[in-house]
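Here the structure comes first, spelled out in structure tokens, and everything after it is commentary.
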Amino acid sequence: MGLSKWIGTKQGIFIVLLVLLAVLPLILNDFHTNLLGRYLAFAILVIGLDLVWGYTGILSLGHGIFFGLGAYIMAIYVTTESSGGALPDFMMWSGMTELPFLWELLSNPVAAILLGILLPMAIASLLGFFTFRNRIKGVYFTILTQALVLVTVTLIVSQQRYTGGSDGLSGLSTMFGFSLSSPQTQLFLYFLTLVVLAAVFYFCFKLVNSRFGKVLIAIRDGENRLRFSGYNTAYYKMVVFTLSAGIAGLAGMLYVLQIRIITPTMIDIIPSIEMALWVAIGGRGTLLGPIFGAILANVGTTFFSENYPELWTYFIGLVFIVVIVFLPGGLMSIGNKLKRKRRGSDHEEAEQQAGSAADKHS
Amino acid sequence: MEGIISQLFNGISLGSILLLIALGLAITFGLMNVINMAHGELIMIGAYATYVVQSLFIDYLPESMFNWYFILAVPAAFLTAALIGWLLEWTVIRHLYGRPLDSLLATFGAGLILQQAARSIFGAPNVGVQSPALLSGAVEIFSISFPKSRIFIILLVTACVLFMFYYFYKTSNGRRIRAVMQNRDMASSVGISTRQVDSTTFALGAGFAGIAGMALTLIGPIGPTLGTAYIIDAFMVVVVGGVGMLLGTVIAALGIGVFNTGFEYFTNASMGRVLLFAVIILFLQWRPNGLFNLSTRKLD
């Protein structure tokens, strides 16, 4: 395969993107690098979301919670380290005298990092177990994930003495002795996020091209046929949903270290739906598209929502409608359409694959 | 005992509002296989329509007439929400038949636009609608007080539901709706204009959401995000009640309303929500397709 052709493949585009992202901090100032690092954390999340939605056809609107759990757990660890064992302010205000057990446990970095991934996975597998084995699917499952968000956010807000309530956690200043506000630490975190993004992409890319991945796509396109062929589809769905939740938790941990605050509104229903929008904008079932979707949508939100908040909301609403109704394949399908025009029917097969991801999602 | 009875009453009144909201959702989901996330915004539109009617009464009519604004507000809320719902169906939803997940996301976008429009027109802060004197205060029965506004809401919902049952099961339009729901292609081939059935049914469901919005103005202040608080619960009603049968929606709405207030009474608001969610998940272990379902042997 020639170099020019290799660049056009998914791996090629991804490598080019990685190189670009690795060079960008040289040009950008500290603040913008930090912003981009946050978007990369979202990009990690959407790869996992694409795995369940784009490939398996299960739309989860609960990923904000998995992301949020990772973020909260990491925030709790960093808060305990920053305060040097003293009680955070909000706990003292609500009359606590010593750290609650959960906080005590999470003041151990190993436990925190493990739980940040394992707790979202545990919740996801529990929900998956109770729904998939009963063949609750499609929009029913989606509604249940949404209810999960509502329940968890209400719980976080109400358990103010443990979670900081609606103000969230914001006393994140040092981790492993390094100041989180220093540009060097943030630059390190940027590259750490980039490395994790590359690893997650590589892992998911291998996964969807494996036998397991083929089963996922088959579930999306014709679950009953697969069931009649003797596959236990509930098991596959549970595994992929759990995996995706773990990826979301990991993304949440990296995210909170870079933004240094986490509140319930950041993981509520609307952010959870927006995550699905990023996947849709980029192109479902492509792994690569959602990364672009997440970065572009967030760049847009940051730079336009501050200056034109009203117009931006109208615009985002329109993007939702236009992308879903008229461009179900997302940005990636534009690329494929152009490619097909240029090279004739060469890539028709590839496009059909991308297209069926969009058509057969329910 | 008195506490329990008034909790039950609160539960029924919450459930009846949920019912009004969920009716439209359940019917459109059963009929067109679309989930309308903007349904919450139709509630909000009904509430603002009531607000506008009330403001007009205050500005242009003598004070003695004020009490009667809410009689006019019911049809106003219904018609405004139905009109916007009809427009929504015509512009967005008809492209998304049979794509429930996509319709959910696209209508969420439409909801964002409607919310922002409300913010631009009426301002972001909540506005209060003054309850008519007729509906303030409470009725005391055996030393338990029942707020009049809640009694009115229950009566209003009962009337709407009775109308819906009549429309659904006794009129020719209702027969057409049920036919399309059971088998769209077959209904279409015997000459039913499915397009027309879809759009009128959608508008009707939207109108009921509008009436729910009108009812909510009697309970508290209203704002652009009024509907979001209720929409997820209304979805849960659809999930629990099953699709295509009105009775399932009725039972599920009242059940969720009563359980919700009951759990909240015995624990607290947030634990109540957690328990309700757990109960719904457990219920779905027993009936994965909801209480009632149009049973078919069709797969996919």
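In case you wondered, yes, glycine gets a Cβ from its N, Cα and C as well.
Listed in TrEMBL:
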TRANSMEM  B:12-35  transmembrane segment
TRANSMEM  B:42-62  transmembrane segment
TRANSMEM  B:68-88  transmembrane segment
TRANSMEM  B:151-169  transmembrane segment
TRANSMEM  B:202-222  transmembrane segment
TRANSMEM  B:234-259  transmembrane segment
TRANSMEM  B:265-284  transmembrane segment
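Residues 24, 36, 38, 42-43, 45-47, 49-50, 52-54, 57, 107, 110, 114, 132, 134-135, 156, 199, 202-211, 213-214, 217-218 of the same chain lie 6 or more positions beyond the ends of the transmembrane segment (B:68-88) yet place their CB under 8 Å from a CB of it. Of the recorded ranges B:12-35, B:151-169, B:234-259, the transmembrane segment (B:202-222) has the largest number of C-beta contacts under 8 angstroms with B:12-35. Among the recorded stretches B:12-35, B:42-62, B:234-259, the one sharing the largest number of Cβ pairs closer than 8 Å with the transmembrane segment (B:151-169) is B:12-35.
Cβ atoms under 8 Å from those of the transmembrane segment (B:234-259) belong to residues 8, 11-19, 21-23, 25-26, 29-30, 35, 39-40, 161, 164-165, 168, 181-182, 276, 279-280, 283-284, 287, 289-294 of the same chain, restricted to positions at least 6 beyond its ends.
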